[in-house]
Structure formats: C-alpha cells, structure tokens
Amino acid sequence: MSKSLLRIPYTGPLPPPLIIPPSATTRHGAIAALTKFLTEPGPARRLSEVHEGSNGHAKSIHDNKNKDKTVLLTGAGLSTASGLADYRGTNGTYTQNKSYRPIYFHEFVASHESRKRYWARSFLGWRGLHRSQPNAGHHAIRDLWRLGLVSGVVTQNVDSFHRMAHTSLPTVELHGYLRKLVCLSCRSEMDRDTFQARLAELNPAWYEFLQDLLRSGALDTENPEERRKKGFKTNPDGDADVPGAPYTTFRYPACPTCLKRPPVLPGGEKGHVVVDRDGAWLPESGPAGVLKPNVIMFGESIPQATKTAAEELVDEAEKLLVVGSSLATYSAWRLAKRALDRKMPIAILNLGGVRKEEVFFEGVERPQTFDVASSAAGGPGPGLPPTTNSVGTGLSTNGSVRVSMAAEDVLPGVVELVRGSKAKV
Ligand SMILES: [Zn+2]
C-alpha cells in the first residue's frame, strides 16, 4: 500500500497536550491567546516592516490578499458538538464504539456483499447525520472569516457542516463528503437524499425497521450517549450498527446514467449494467454502474486536485490554526507539517493530545511547570495574553498557541473579544 492511500488513523497513545502559553489552561486565557494569534501581523508583514519593503520576497507576500490571515485545518473534534462521534476520544482510542471497523475502499469496490452491508447500515444512520447541524464552533469560524481573519478552511470532516455554515469561505473537503454519491464507472454524482429515497423503495422491510427506530425515539436525539442507551449506535461516517440484521437481503440502486448509457470500463471494453425489475444493481454487472459515497474511504487515495487545492490554501495563508484534529490521519499531518516547514506560526485547538505535537512547538520558550500562584499574582490583566511565554525566537515559533479545549467552548469567545477590541478602536 503506497503512502498516498488514506489509512486508518494512528491509534497509539497520544502525548499529554502541551499548553502554550501557560495562561491558556483557563478558558479566559485560551480565548486571549487565540485572539492574539489570529489578530497579530503575520510573519510577512513583520519581515516587510523590518526591511521597509526593500525585500522583494517579503513585499510580494505582503501584497497577498491573505496577508495576516489564518487558514484552518479542522477535524472530527469540531463536529462532536453537533452530535457526531469523534473517532478518537481524548485518550486516543476509539471510545465511541470499540468494535467499530470502517469499510476499506477495495472491499467496497470488489464485494457486492460488503456494499449491501455498508448501505444497509448507512440507510439507518443517514437520517441522524442528515438532521445534524453545524454548531457554535462552525459559526464562530464563519464570523472570524467575516472579521477578515480567516482565509480558508481545509477539513477532514465529511459532514458538510462547513459548507452549511459558511458557503462563500473557500473550503476544501479533504476526505470528500457524504451529501453525494459518485459512480465508480462514469463519475457522475447523485444526491444522497435521492439515493436514500431509492433505498427505502427497494427495501420496504428495512424502511419499516427504520420507522420502528424512529418510533422508539432512538433517532430523536443527536447525543450519542442517549442514543446508545436506546440501543442505537452511529459512527462518525453515518454508519449504524444493527446487530443481527439480515444485510444479505439489502438492495441498492445502480447508477442511472450508466443504465442509460453503458459506461466504458477501465480496460476499454463497454460495461453493461444489469438490474432486477425494481432497478436494483445485480452482480452480473461486473464492475459497471456501482455508486459509492463521495468520501475517501480507507485504502483509497485523495485525488491530486483536492490535495493541490488544500496545499494552495495553506500556502496562501500566513498562519495555521488546527481545530478539533489530533492529526492522526497522515493527510492532515502532512498539511500541518507543510505549514511548519514554511515557517508559518501554528496554533492548535484540540481537546486532548495531538500526534507528535512537540514537533510543532520545538524551541517555544515556556516554563517546564505551570506556577498558578505566580501567574495569578503577576500575570497580565483580563483580556491580555501574556507576553513572556508565547514567543520564542525566530518566525517558526513566534506566536505559537496550544489549547486543549473544545472548539465550541473557545471560538465564540474569540469572536466576541475581536469584536470588542474592534469596537474600541
Ligand atoms: Zn455511472
């Protein structure tokens, strides 16, 4: 398996989170530190101020429409407040559902049985995901963009919440999205709601089962804890667990485009889609006309165009803020490392540890232990970030921030503080 394929996230133990600056152990301190990070000049402007514009390179970045702006890299931790489970808990294990094992791309492509199982579970899980909404964290990101501080978002999430919360802010969905399906033969897309209605038509018994679940109230709550109490489990990709359900009877539709126009298969020969009298895909089709959720599955590679778009968003910004990601997925880790190599100031807001996080804060001056008493006595006033701990030497560490809290508890406060300081000016 090559390095470019999406792999199961790193599941080993994570280091305890660093806290930078030390005052960021409190919500107040965290909000102040992140506000400073987002509002202070980027390294390009600092450079150009030093060189008074004589440095051609610095000047060209200075002219960038994204000068001083921050690109966000977001992960599952941002969506937990919307009722979606995080793959990892704060302890770095699959806490929501220990037996959870996601489907691999090669299984989905090769096996009709695997697809039946996948779609049966997804059929039941979809409604919960479909009803979920962006939370205060997403809306705060929209507000920070409107305040001119954010240039773009790269997200690992497939829930489309960013799109719903801020349609115009440039956003790259690194791992795709569940709102549509894509045909593996002709690449045409189908809306997930349309597909869901077809699944209901093709599987009346499962539809009844879904109605029973609805009546039981298991789907009334977005809270995974309460759902589990009612015997229903969902995973972050909208996949549901129904022990003992007869997956083998499940039917799913073929790609309607390929049904009308037989696709050309990778080998060059013409494919032929075979369906039953209700339009359900049959194995006689071979590889033709198979619809897949438009997400990057484990073992599948991210399209080059998506990778390039994500890299460009990083390269065009001056700072990187990681939100709700432990960077356990290589595609996310790579982007954060890219920002580090470009000497961009980096802030990480994630509840719990982050994979190899010490790499991002190497050389940041900070005390070995946090002395609460002296900080309280001699620390800066309310709303003011400390000036002694957060700044190291050189651009790579200057302004680094590391907060271990939930995004929705912190980002709305940052918006408020930025608005307050703008109102005073
Ligand atoms: Zn097709």
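From the backbone N, Cα and C atoms, a Cβ is placed for every residue, glycine too.
The feature active site, proton acceptor is assigned by TrEMBL to His175. Within 10 Å of the Cβ of His175 (active site, proton acceptor) there are 23 other Cβ atoms, across all protein chains.
In the three-state DSSP reading, Cys186 (Zn(2+) binding site) counts as coil. Its Cβ placed at the centre, Cys186 (Zn(2+) binding site) has 17 other Cβ atoms within 10 Å. The Zn(2+) binding site feature in TrEMBL is assigned to Cys183, Cys186, Cys255, Cys258.
The compositional bias 'Polar residues' feature in TrEMBL is assigned to 387-396.
Taken from TrEMBL, the feature domain 'Deacetylase sirtuin-type' applies to 48-421.
Annotation source TrEMBL lists region 'Disordered' at 47-66 (among others).
Residues or ranges marked as region 'Disordered' in TrEMBL: 218-240 (among others).
The region 'Disordered' annotation in TrEMBL covers 372-396 (among others).
There are 27 other Cβ atoms within 10 Å of the Cβ belonging to Cys255 (Zn(2+) binding site). Taking the centroid of the Cβ atoms of Cys183, Cys186, Cys255, Cys258 as the Zn(2+) site, the other same-chain residues with Cβ within 8 Å of it are Leu184, Ser185, Arg187, Ser188, Ala254, Pro256, Thr257, Leu259, Pro263, Val273, Ala288, Gly289, Val290, Leu291.
Residue density at Cys183 (Zn(2+) binding site): 22 other Cβ atoms are found within 10 A of its Cβ, drawing on all protein chains shown. Across the fold, the C-alpha of His175 (active site, proton acceptor) and the C-alpha of Cys186 (Zn(2+) binding site) stand 20 Å from each other. Within the same chain, residues at least six positions away from Cys258 (Zn(2+) binding site) with a Cβ under 8 Å of its Cβ are Cys183, Ser185, Cys186, Gly271, Val273, Ala288, Gly289.
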